[in-house]
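Visitor: Would you mind keeping the following structure in view while I ask a few things?
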Amino acid sequence: MAWNTNLRWRLPLLCLVLEVAMVVLFGLFVRYSPDADSSWSNEKRKGNITSDLENEFYYRYPSFQDVHVMVFLGFGFLMTFLQRYGYCALGFNFLLAALGVQWALLMQGWFQYTKDRLILLGIKNLIDADSCVASVCVAFGAVLGKVSPVQMLLMTFFQVALFSANEFLLLHVLEVKDAGGSITIHIFGAYFGLTVTWILYRHNLDHSRERQSSVYHSNLFAMIGTLFLWIYWPSFNSAMSNYGDAQHRAAINTYCSLAASVLTSVAMSSVLHKKGKLDMVHIQNATLAGGVGVGTAAEMMLMPYGALIVGFICGAVSTLGFVYLTPFLESRLRIQDTCGIHNLHGIPGLIGAIVGAVTAAYASPDGDRGFVYPFGFHNEKDEKVQGRFQAFGLLLTLAIAMVGGTIMGLILKLPFWGQAMDEDCFDDSIYWEMHEEKSSSPEDHTHKPSVPTEPVEQPTSSATLAP
């Protein structure tokens with residue numbers, strides 16, 4: 001029996017209930033931070049601040065802009081590679097991100113920014129919320145084309161809450177250093193999403209196989225997303241670092257790692273094709289792996305050549321993953337990873353976590369290696385202990401992501417969320433009104449063309465993200 005995909009009441013009701021809840025909760029718990037409040041002039045006098053330029057807004061807003069572009073444009077366009085799923089990729093990414101940032105401001109605020117039971121909202125909160133939603137976008141890539149917007153909203157709501165708890169445990173309880181989010185953002189999002197898609201395994205997804213391929217223009221749109229992400233990733237990894245050398249170093253390390261991953265992924269893509277041709281899937285994704293891999297160690301004394309090595313390894317491993325690992329995961333482990341997030345976020349995230357742990361463990365007192373003494377820690381932890389804490393943070397994140405993904409997958413598996421049948425997946429027309437091209441004149445509707453119409457465009461590449 002076919003499932004009912006008509007969302008006329010379910011989607012509007014869920015959206016309105018969630019937004020009304022946000023309004024009430026913001027009214028009860030959220031206020032402006034001192035830097036954003038009208039009392040800023042009093043704060044200046046108390047702190048002997050001579051210029052408004054010392055307001056944190058002017059330090060953080062450029063980074064916030066870049067991260068915002070990555071979340072709403074970069075991730076959205078990156079997922080438009082499917083030939084008949086562009087509306088859903090962009091539109092649903094927009095929807096879940098809009099819900100996610102509001103819920104993240106509350107959840108992260110309750111965990112990190114409360115004062116007298118109130119959340120004081122400033123530019124740092126906005127960056128943190130966008131970073132949280134980036135993890136949601138990562139998980140979305142695993143289930144792209146196979147879930148309804150109602151399921152995505154529920155998944156976003158649950159994941160943001162779990163992300164905030166995990167982030168608090170790692171960054172504030174264990175004091176794990178993770179400037180670019182290799183652990184808290186990429187590993188958490190990837191393995192949460194992979195676990196959800198494993199639970200939601202579709203036995204007859206082959207019936208939608210044709211729509212899982214790309215065409216020329218869909219690959220171009222996806223490449224736009226890649227370029228947005230690639231350009232702004234240094235800001236993403238350095239946005240929340242301390243002012244000065246730490247933030248400067250994070251941008252440099254990310255810049256170098258990204259550049260190295262481009263050359264490596266191009267080389268590997270050509271080598272792995274029997275005719276030496278490049279696969280657009282690899283170029284869209286593996287070229288970004290360096291940004292993921294250097295995330296944890298971004299603000300550490302990794303050294304530029306170390307960042308290049310990380311990018312080199314991540315680009316190669318990511319490309320190999322698309323060729324060999326994605327088919328294996330689907331055929332043997334029943335993990336249908338639409339966007340190949342395991343290759344772009346999962347494995348490079350694991351590499352980044354290991355690099356961070358090793359770099360921390362071999363830090364030096366004068367700060368010429370690692371970061372322990374330059375950054376400082378409570379409880380007088382030495383570099384070896386910090387390295388072990390970094391490793392434990394990785395294991396804890398994997399456990400929380402997989403357990404949470406299992407719970408969420410079982411909830412989403414219920415048959416009344418408006419999900420499509422297997423043969424209808426990866427098709428915009430299930431949830432969007434499709435406006436076909438019509439004649440410009442109403443009188444021309446009976447006119448038949450005197451010349452043959454153009455043939456339907458066929459996919460130019462047989463490569464997909466989930467063979």
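Note: Cβ is positioned from N, Cα and C throughout, glycine not excepted.
Positions annotated as topological domain 'Cytoplasmic' by Swiss-Prot: 1-9, 83-86, 201-219, 273-282, 326-343, 413-467. What Swiss-Prot records for 10-30, 62-82, 87-107, 132-152, 153-173, 180-200, 220-240, 252-272, 283-303, 305-325, 344-364, 392-412 is transmembrane segment. According to Swiss-Prot, the N-linked glycosylation site annotation covers N48. Swiss-Prot lists 436-447 with the feature compositional bias 'Basic and acidic residues'. If you look up Swiss-Prot, you'll see 436-467 marked as region 'Disordered'. The feature compositional bias 'Polar residues' is assigned by Swiss-Prot to 458-467.
Situate these features within the shown structure.
Guide: Through the fold, the transmembrane segment (10-30) approaches residues 99, 102-103, 105-106, 109-110, 117-119, 121, 149-150, 153-154, 157, 417-418 of its own chain, all at least 6 residues removed from its boundaries and within a Cβ separation under 8 Å.
Around the Cβ of N48 (N-linked glycosylation site), the same chain contributes no residue under 8 angstroms that is 6 or more positions distant in sequence.
As a whole-number mean, the pLDDT of the topological domain 'Cytoplasmic' (83-86) in this prediction is 92.
Non-local neighbours of the transmembrane segment (220-240) in the same chain are 60, 62-64, 66-67, 69-70, 73-81, 86, 124, 127-128, 131, 134, 179-181, 214, 247-248, 250-255, 258, 262, 280, 283-285, 287-288, 291, 294-295, 298-299; each lies 6+ residues outside the stretch with a CB under 8 Å from one of its CB atoms.
If one looks beyond the transmembrane segment (252-272) by at least 6 residues along the same chain, the residues whose Cβ comes under 8 Å of a Cβ in the stretch are 180, 230, 233-234, 236-238, 278-279, 282-283, 286-291, 293-295, 297-300, 302, 304, 306-316, 318-320, 323.
The list of residues near the transmembrane segment (283-303) in space but at least 6 beyond its ends in sequence, with Cβ under 8 angstroms from a Cβ of it, reads 78, 81, 177-183, 185-186, 219, 222-223, 225-226, 229-230, 233-234, 236-238, 241-242, 246-247, 249-250, 253-254, 257-262, 264-266, 268-269, 310-311, 313-315, 317-319, 322, 339-340, 343-345, 347-349, 351-353, 355-357, 359-360, 363, 367-371, 374-375, 390, 465.
Non-local neighbours of the topological domain 'Cytoplasmic' (326-343) in the same chain are 78-79, 81-82, 138-139, 141-146, 189-190, 193-194, 197-198, 201-202, 205, 212, 281, 285-286, 289, 317-319, 465-467; each lies 6+ residues outside the stretch with a CB under 8 Å from one of its CB atoms.
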Visitor: Of the listed stretches 62-82, 87-107, 305-325, 344-364, which one has the most C-beta pairs under 8 A with the transmembrane segment (132-152)?
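Guide: Between the candidates 62-82, 87-107, 305-325, 344-364, the best contact partner of the transmembrane segment (132-152) is 87-107.
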Visitor: Between the stretches 62-82, 153-173, 344-364, which one has more Cβ pairs under 8 Å with the transmembrane segment (180-200) than any other?
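Guide: That would be 344-364.
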Visitor: Sort the residues of the topological domain 'Cytoplasmic' (273-282) into helix, strand and coil with DSSP and give the three counts.
Guide: 3 helix, 0 strand, 7 coil
